[in-house]
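J.: Okay, these came from TrEMBL:
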{"type": "ACT_SITE", "residues": "Cys77", "note": "active site"}
{"type": "ACT_SITE", "residues": "Cys77", "note": "active site, proton donor"}
{"type": "ACT_SITE", "residues": "Cys221", "note": "active site, proton acceptor"}
{"type": "BINDING", "residues": "Asn15, Gln48, Asn68, Gly78, Asn79, Asn161, Asn194, Glu212, Arg213, Gly222, Thr223", "note": "substrate binding site"}
Amino acid sequence: MSQTLKFTKMHGAGNDFVVLDGIHQRVALTPEQLRFIADRHFGIGCDQILLVEAPTQAGVDFRYRIFNADGGEVSQCGNGARCFVRFVHDKGLTNKREIRVETAAGIIVPRLEADGQVTVDMGPPRFEPADIPFVAEARATTYVLDIADGPVEIVALSMGNPHAVLETCNIETAPVATWGPEIERHPRFPQRVNVGFMQLVHRRAIKLRVFERGSGETLACGTGACAAVVAGIQRGLLDPVVEVQTRGGALTIRWAGGDAPVYLTGPAVTVFEGEITL
Ligand SMILES: N[C@@H](CCC[C@H](N)C(=O)O)C(=O)O
């Protein structure tokens, strides 16, 4: 039986989303239907599909679910969290400026700022290999990963989802299209990984491209920006507040180190509304 769903097309620094209200309409999508929605030629087109649901636990305002363009459900999406906040405000689902949101990776706390930008408390980064998950004998600041072109140095960490961060001296010529998919499926990352290529500009700015697990290279990746800045701070290369320049725009990341949460600030934009029959 076919179903017609109302949707909103949004983006955060060019990382684009189809957002579905699962509170006022019944949304039950198969991986094949999710892939169709994300398809840029035959569907609506997006990097991720975001589903807004009623919370399943006390003390939170909403549940937020994330699906990559390949139809797989994942646990965290930073740019999506900002669009989520803009969506629930614009739809009148809440008037709170700071909301508590349940994700598969735990509670996140996004806040709508007076200037329309959104700041998300993404929680602390995690470095234990088992938490990422990453196959390593012991935790280390950097690891050497063997790929077809030879050994590469990475930082591996979790921002609620897995990230590998590599440093490059030229972001334009970085081998994102070749190393990205190879590292995404490297056997040392049993749940695959998002792969960030970071070029240092100075201690308070980096350039970043991310080959995202399940979506390919996107114009920006919020958790990727958090992971790259955390990696740079851990290695003593960056200050606690850093501007991340992506192909889709700028994001600001703040991290005080240790178990402190990482804060992500950036835009959240509505592009258009529509309906799709599946
Ligand atoms: N675009 C995102 C991350 C989306 C999920 C990621 N591809 C994964 O598989 O973990 C962001 O802004 O963080």
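Note that Cβ sites are derived from N, Cα and C of the backbone, with glycine treated the same way.
Just so you know, TrEMBL annotations never went through curation; they're auto-generated.
How buried are these features, and what lies next to them?
T.: Counting Cβ atoms from all protein chains shown, Cys77 (active site) has 32 others lying within 10 Å of its own Cβ. Under the three-state DSSP scheme, Cys77 (active site) falls in the coil class.
Its Cβ taken as reference, Cys221 (active site, proton acceptor) is surrounded by 35 other Cβ atoms within 10 Å in the chains shown.
Within the same chain, residues at least six positions away from Asn15 (substrate binding site) with a Cβ under 8 Å of its Cβ are Asp47, Gln48, Asn79, Gly80, Thr218, Leu219, Ala220, Cys221, Gly222, Gly248.
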J.: Would you give the longest CA-CA distance, in whole angstrom, between residues of Asn15, Gln48, Asn68, Gly78, Asn79, Asn161, Asn194, Glu212, Arg213, Gly222, Thr223, the set recorded as binding substrate?
T.: 16
J.: Any idea which of the binding-site residues Asn68, Asn79, Asn194, Thr223 has the thinnest Cβ neighbourhood at 10 Å?
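T.: Output over binding-site residues Asn68, Asn79, Asn194, Thr223: least Cβ neighbours within 10 Å is Asn68.
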J.: So which binding-site residues out of Asn194, Arg213, Thr223 end up within 10 angstroms of Cys77 (active site), measuring C-alpha to C-alpha?
T.: Thr223
J.: Across all the protein chains here, work out how many other Cβ atoms are within 10 Å of the Cβ of Arg213 (substrate binding site).
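T.: If we count other Cβ atoms within 10 Å of Arg213 (substrate binding site), we arrive at 25.
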J.: Using the CB centroid of Asn15, Gln48, Asn68, Gly78, Asn79, Asn161, Asn194, Glu212, Arg213, Gly222, Thr223 as the substrate site centre, which other residues of the same chain sit with their CB within 8 A?
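T.: Surrounding the site, in chain order, are Asp47, Ile66, Val74, Gln76, Cys77, Gly80, Val210, Ser215, Thr218, Cys221, Gly224.
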